[in-house]
Amino acid sequence: MATVISVEQARQLDQKTIEEVGIPSLVLMERAALAIYDNLLADERFNLKRVLVLVGTGNNGGDALAVARLLHTHGFAVSLLLVGKTEHRSPQMTKQLEICEYYQIPEVPLTVDFSQYSTIVDGLFGSGLSRQVAGDFAQVIQRANASGSSIHAIDIPSGLNGDSGQPLGATIQAISTTTVAYVKTGMVQPGAARFTGTILVADIGIYLNDRYEE
Ligand SMILES: NC(=O)C1=CN([C@@H]2O[C@H](COP(=O)(O)OP(=O)(O)OC[C@H]3O[C@@H](n4cnc5c(N)ncnc54)[C@H](O)[C@@H]3O)[C@@H](O)[C@H]2O)[C@@H](O)CC1
Ligand SMILES: [K+]
């Protein structure tokens with residue numbers, strides 16, 4: 001059985017890998033994005049004709065922007081929907097957004113018609129979800145779920161409590177989730193599969209015991 005960790009362990013492992021081991025945050029993000037990109041291409045349930053990428057303010061949003069850039073540079077039609085306040089953006093998310101701006105990846109407003117997209121990539125929240133989902137975030141999640149598009153979640157479906165497996169308000173219903181490093185406890189609780197869909201684990205160089213183990 002796959003190793004399962006708590007959200008706090010995930011945060012600590014990210015921090016340890018960056019600060020003690022010394023792998024830069026943007027390198028981890030690039031590895032996560034490459035794994036997500038490969039998973040999207042490998043699953044025929046995802047039609048990548050028109051892709052909408054939902055981008056939050058944290059590093060989950062940074063992963064999403066890196067995925068958007070990989071799709072764009074490989075010829076797929078990608079649009080970005082940025083949700084949340086500019087002043088909340090993390091440094092890595094800001095850097096990834098600058099790269100997307102270099103490539104002129106289009107941004108769309110909150111009012112966009114979601115049903116025109118064949119695939120939606122969810123990068124609103126991952127292990128940083130800290131409270132009930134409300135406002136624009138809740139509205140975007142509800143509209144994504146209702147769009148009929150196939151949704152792929154990054155790390156944890158946005159809105160799902162990664163420890164309890166309970167929705168914290170509006171929660172993304174993905175057909176698959178690429179989770180970073182290890183599966184989070186909540187994702188394998190009864191009822192969580194409705195939100196996670198198929199779970200794929202991305203090895204990005206973050207290890208519990210300083211070694212890769214299944
Ligand atoms: N470089 C790194 O540190 C790595 C980060 N990773 C990714 O980064 C994620 C964690 O990133 P973060 O710690 O930045 O956290 P998140 O990106 O999950 O979210 C944090 C942001 O969301 C806000 N927020 C939390 N709950 C909210 C709510 N209910 N309503 C509105 N805003 C809310 C916070 O204030 C913060 O701005 C992981 O899930 C993973 O996807 C991975 O790429 C691994 C490496
Ligand atoms: K997510």
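Just so you know, glycine gets a Cβ as well, placed from its N, Cα and C.
The model shown is predicted, which means the values in this text are computed figures rather than measured ones.
Take the CB of N60 (K(+) binding site) and look out to 10 A: across all protein chains shown you find 27 other CB atoms. Look at TrEMBL and you will find N59, N60, G61, G62, D63, G126, S127, G128, L129, S130, R131, Q132, D155 tagged as (6S)-NADPHX binding site.
Annotation for S158 (K(+) binding site): spatial neighbours L54, G56, N60, D122, G123, L124, F125, G126, L129, V133, F137, I141, T171, I172, criterion Cβ-Cβ under 8 Å with sequence separation of six or more. DSSP assigns S158 (K(+) binding site) to coil in the three-state reduction, placing it in neither a helix nor a strand. Per TrEMBL, K(+) binding site is recorded for N60, D122, S158.
For the domain 'YjeF N-terminal' (10-212), the predicted model reports an average pLDDT of 98. Here TrEMBL flags 10-212 as domain 'YjeF N-terminal'.
According to DSSP, N60 (K(+) binding site) is assigned to a helical segment. Neighbour density for D155 ((6S)-NADPHX binding site): within 10 A of its CB lie 27 other CB atoms from the protein chains shown. Close contacts with ligand 2, defined as a Cβ under 6 Å from any of its atoms, occur at N60, D122, S158 among the binding-site residues N59, N60, D63, D122, L129, S158. Under the three-state DSSP scheme, D122 (K(+) binding site) falls in the strand class.
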